[in-house]
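Beneath this line is the structure, given in structure tokens, with notes to follow.
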Amino acid sequence: MAHAQELTPEALAGLRERYRRERERRVRPDGTRQYLGADAEFGFYAADPWAGESDVREPVRDRVDVAVVGGGFGGVLAGARLRQQGVARVRVVEKGGDFGGTWYWNRYPGIHCDIEAHVYLPMLDETGYVPEWKYAPGEEIRRHAMRIAETFDLYTDVLFSTAVTSLSWDDTTGEWIVETDRHDAFRATYVITATGVLSELKLPGIPGIERFKGHTFHTSRWDYAYTGGGPDGGLTGLADKRVGVVGTGATGVQVIPKLAEDAGQLHVFQRTPSSVDVRANRRTTARDVGADRAGWASERRDNFLRVVSGEAVEEDLVADRWTATAGLLEKLLPSFRRPDDLAAFEAAYEVADAARMNDIRARVDDLVTDPATADRLKPWYRYACKRPTFSDLYLQAFNRDNVTLVDTADTHGIERMNERGVVVGDTEYPLDCLVFATGFSVGVSGVHSGRLPVRGRGGVRLRDAWSARGPRTLHGLTSNGFPNLIQLGGVQSASSVNHTHVLDEHAVHGAALVAAAEAKGAVVEPTREAEDAWIATLAEHAPDHAWFHAECTPGYYNAEGRGRPNGPTAYPHGAAAFHELLRRWREESMDELLAPRARVRAC
């Protein structure tokens, strides 16, 4: 393995050139347009395989205090934090058949979370639950979302198998009208949107995809009726099948070992290899994590956030590969900025990055027996160009006689499909089943994309209000002209690799806003001046990431090779500082976000 001190200027120059060549092999002129949505003729890919037949019910026409759009962790946390604030009439609307969000939909074989369960699963202190595994399987995570909902009585008023189709502010009554695909039209004083950033599955736009006569499905709607087995494997229905899988990101890294165990033949179609580090999962006990202490989970979660944000701590409580590479993770977070010599920092960072990636590539050689296959599995890009993955099974799966790796980089993916299978280059691969592990339209909620129309004061659409100059918010949560609308997990806030922590802080803040508005008979709405000040704060310290992502291999981090824009898109000082800012705001400045309910004009 190459270490930092062995990386000469010549070696670094060679790496840069290799990274450039590998990037050029994969960049497509159509960018993000290469993907299809699961609608129109492809709508069957998004059908709910878990809910069964929807209950027949009459349309809902009543009124609640708060409508929460989305029943994933964001929505569950919003409901729970509202309950803690004493809000009684809370209704969650969720298109799935139960709580869980992405963990409701994704139940594919091998699914786990890559963040330690004791920091990823929220409200462990409040529910008294201690995770069974360091990295929890999907079923444990989904059941915890349900546990929170049960603990805080969210099942009392919930509309499952129901999608919100529009949110409209009534200027006359000062309420939101919530309409759904089941003809509901109820009213709410407040709306909290928690539609998530992993909710819209995507498919590869392969020419002829509709011609294939075999079986197909997306990993987020796994078809166990066809494959047999369950999340732990045992896919006996594939024993005599020729199976293909498209996608080798976080989902593919988990599902491919399970498919390899049970499929008659498995073809893995890979455009870009993931970086695959050690997982080292294990069962855990309450004693392992100090769960006998009050507040243990919050302490551990805060400790993890500080470590991956590059802050100094007395002890790294989680002590895993995320925290070990904390210095590199600063590139993933908007906290990266140095007041001193930026050029010197970048040079040192490049050396550390190269050493880390050399170690990851060396691990491929250690675990994959065929040199040609090993070479195709090596990630030739910088560490933060793609979300890292972790597995102790994935690379070894390619040593099996029934597994074939098909490199599609030079053809920019699968070239076409026909009735029999897929075509790459001059080779046709006949298949009985093709699994799409192609992920989601990451980072774009239904509200921001316009798929969920939101109309505020005077009927102005949120998307139209933001079309000219981009998003306008205070803290990423509230917007002028859209009173009593609180958006969780949105732009212009802070991000973290542990997304549930961010969602929980948003939920705590949103619930506090609702409680304060109720106590004062006010509406939650920032002034335009408050928005301007917040955007100026973001812009003043906005990090220059555009050059970095423009040089990365294509993926969802950089809009498939287009780079990411600079500007006020996220809080620049990191999630830990942002959470502290929200706490101070609640203590000192809450009244600045409250306006008299009688106000009907934007100020």
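Using the three backbone atoms N, Cα and C, a Cβ is placed for every residue, glycine included.
Quick caveat, the model's predicted, so the values are computed rather than measured.
Summary of the site annotation: Swiss-Prot records FAD binding at Glu94, Thr102, Trp103, Tyr104, Trp105, Asp114, Tyr120. Screening the candidates Val56, Val60, Val164 against this entry identifies Val164 as the one listed for that site. Applying an 8 A CB threshold to same-chain residues 6+ apart, the list for Lys386 (NADP(+) binding site) reads Gly249, Thr272, Ser274, Ser275, Pro379, Cys552, Thr553, Gly555, Tyr557. Put simply, the two farthest-apart Cα atoms among His112, Cys113, Asp114, Thr248, Gly249, Ala250, Thr251, Gly252, Val253, Gln254, Arg271, Thr272, Lys386, Arg387, the recorded binders of NADP(+), are 23 Å from each other. Across the structure, Thr251 (NADP(+) binding site) and Tyr104 (FAD binding site) are spaced 15 Å apart at their Cα atoms. The Cβ of Tyr104 (FAD binding site) has Trp50, Gly71, Gly72, Gly96, Gly97, Asp98, Arg142, Ala145 as same-chain neighbours under 8 Å, each 6 or more residues away in sequence.
Those residues noted as binding FAD (Glu94, Thr102, Trp103, Tyr104, Trp105, Asp114, Tyr120, Val164) have their most widely separated CA atoms at a distance of 30 Å. Within 10 Å of the C-beta atom of Thr102 (FAD binding site) sit 20 other C-beta atoms, taking all shown protein chains into account. Classification of Val164 (FAD binding site) by DSSP places it within a strand.
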